[in-house]
Amino acid sequence: MSGGDGRGHNSGAHNTGGNINGGPTGLGGNGGASDGSGWSSENNPWGGGSGSGVHWGGGSGHGNGGGNSNSGGGSNSSVAAPMAFGFPALAAPGAGTLGISVSGEALSAAIADIFAALKGPFKFSAWGIALYGILPSEIAKDDPNMMSKIVTSLPAETVTNVQVSTLPLDQATVSVTKRVTDVVKDTRQHIAVVAGVPMSVPVVNAKPTRTPGVFHASFPGVPSLTVSTVKGLPVSTTLPRGITEDKGRTAVPAGFTFGGGSHEAVIRFPKESGQKPVYVSVTDVLTPAQVKQRQDEEKRLQQEWNDAHPVEVAERNYEQARAELNQANKDVARNQERQAKAVQVYNSRKSELDAANKTLADAKAEIKQFERFAREPMAAGHRMWQMAGLKAQRAQTDVNNKKAAFDAAAKEKSDADVALSSALERRKQKENKEKDAKAKLDKESKRNKPGKATGKGKPVNNKWLNNAGKDLGSPVPDRIANKLRDKEFKSFDDFRKKFWEEVSKDPELSKQFSRNNNDRMKVGKAPKTRTQDVSGKRTSFELHHEKPISQNGGVYDMDNISVVTPKRHIDIHRGK
C-alpha cells in the first residue's frame, strides 16, 4: 500500500496534550483545559482534602501527607515532607487549590538511570519509559468524580537545556527534552517519562505569599497551585495507595495519545528564595471507561499510521526483531556460561564423591581385615578393628555430604542444560523473526528505490473515481499509463507526483475535479476526497498496490495500482 501526502511518523496523529506545544505528535497544539476527549480536567473537579505529601487545602490524610497550614495568601497548603523528585504524589479533590511541597534534593539514582536510558536518538517519534501504573479503583473506589490528581516534580534542569531563571519575564514557554505524562497501555493508565520529539511547556512565575517559603502559581489545566519550598526535611519515596511501580522499565514508542490527561509547567521562583526552577506535571486519574476510550483511540491512530507508512512499520518491526535477537544472543551467552560453570562444578563434585567412596571402601576393607578380632577385646587387633570402624563412620559421613553436594551440582547442571536448550530455541525463533522482518523491510523498501513504470492501465469514463471508495478502487487510466510507461522514477513518491501531474494535464480527467483539486494536481499533490471518505488527517486520494509489495507486488506496475479513498484504503488492509 501507499499513503497519501503525509510524511513521517506523525502524519496520521493529532494533538491531545492541552496547552502543550509539540504534544504527542510533535505537531504543536493549543488546546484548552478541556480537549473534548473526555480526558480533561473538567471531568475531575478541583477540590480539597489531603494525600501523600500533596494537598488540596486542609484536612489530614494518609501516606506522606497530613496536617493543615494556612498561607498568608489566604490559601491552604501542606508543608509536609515532600515526595522525592520523580516520584508520584496523590492530590485528593477538595476546596479548590492544589498544594505541593518541593525540595532541593537531587534525583534518585533510579530516576537518573531512566533519564540516561532516554538520551536517544530515537526513531519513529516519541519514546517513553513507563514508571508507575495507576489503579483508579484504589484511589477512588466509590465515586469516579472524586478521582485524585497525580503530581510529579523534577528539577527543571533535568528536562531542559535552557537556563529558565535567566529567561525574560514575558517568556511564555520553554523547550524541553523530556516530559512526565500519562500513557495508556495494556488497559491501564501509566505515568511515564517521554522523550524524542521537540516539545515545549509553559513557564510560570511563582508569586510569594505572606508565609515564607510558600508561593502561588497557576498554569493551563491547573488553575490554583500552592507551592511550599521545603528545606531540611527528608524526602519520601513511598508510593501512594493505588500507584504501583512498573517492572521491566524499557524504552518503547510512546504512542499518539500520551499526555492526554497531563498538565505541565516549569515554575521559577524569586531569586531571593534560593529555590531553583521546578518542572511540575499534574495528571488526571482516568476512570476505567476513560482508559478504554483512550486505548481504543490509541489503537485506531496507530493502525491508521501503520497503514499509511508501511516502510516505517517494516523498519520498526525489523529494529524490534533485531533488538530481540541481540537479547536472545545475550541470554544464550549467559546460559552457556552458566552451563560451563555447572559442568565444572559437577565434575569437581563427582571427583570428590568418587574419592569419598574410595575412602569408605578402604575403611570397610580394613574393618573386614580385622573383623576376626571383634570379639577379642584383649587382643591387639581389636583396637585396630575399632579404629577401622571409626574411619568407616567418618568416611560414610563424608560420602553423605559429598553425595548431597554432587546431587545439588547434578541438578544445577540439569537445570542449566534445560535453560540453555530453551535459550537456544528462543534464539532460533528470534533469528527466524529477524530474517522475516529483514526480508519484509527489503521488499517494502523497494518503494524508496528507483524503478521503471510498466503496465497498460484500463479505459475509464467521466466517472473515473466513483469507485475509489469501494472494492479495490479505480484503475490507472490507460491514457495516463501510456504517458508514464517505461519512464524511470527515483522513488514511488516521485511516481505518485508525476501521476497526478499527468492527470491534471488530461482534459477529460481534469474536468472531473474542482479548481482547487486541479491546482493541487498541477504541483503533484493528490486531490482531496469527499468529507465522508477521509480518515483522520488522511484527506486525499491514495494509490494502493493490489498485490502488496511485501508479497512481491510490482511497485511501478500500473496494472497493480489503483486509486482509493483513505477510508477504503484502511478497510482494504484490514481485510474488509
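Cβ coordinates are placed from backbone N, Cα and C, and glycine is handled just like the others.
Listed in Swiss-Prot:
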- His544, His569, His573: Zn(2+) binding site (BINDING)
- 19-35: compositional bias 'Gly residues' (COMPBIAS)
- 36-45: compositional bias 'Low complexity' (COMPBIAS)
- 46-75: compositional bias 'Gly residues' (COMPBIAS)
- 424-447: compositional bias 'Basic and acidic residues' (COMPBIAS)
- 535-548: compositional bias 'Basic and acidic residues' (COMPBIAS)
- 1-75: region 'Disordered' (REGION)
- 421-478: region 'Disordered' (REGION)
- 506-557: region 'Disordered' (REGION)
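Tertiary proximity for the compositional bias 'Basic and acidic residues' (424-447) is limited to same-chain residues at least six positions away from its ends with a CB under 8 Å from its CB atoms, namely 2, 310-311, 313-315, 317-318, 320-322, 324-325, 327-329, 331-332, 491-493, 549-552, 555. Comparing the binding-site residues His544, His569, His573 on other C-beta atoms within 10 angstroms of each C-beta gives the minimum for His573. Secondary structure of the region 'Disordered' (421-478) per DSSP, as helix, strand and coil residue counts: 33 helix, 7 strand, 18 coil. With DSSP states grouped into helix (H, G, I), strand (E, B) and coil, the region 'Disordered' (506-557) comes out at 18 helix, 9 strand, 25 coil. In the three-state DSSP classification, His573 (Zn(2+) binding site) falls within a helix.
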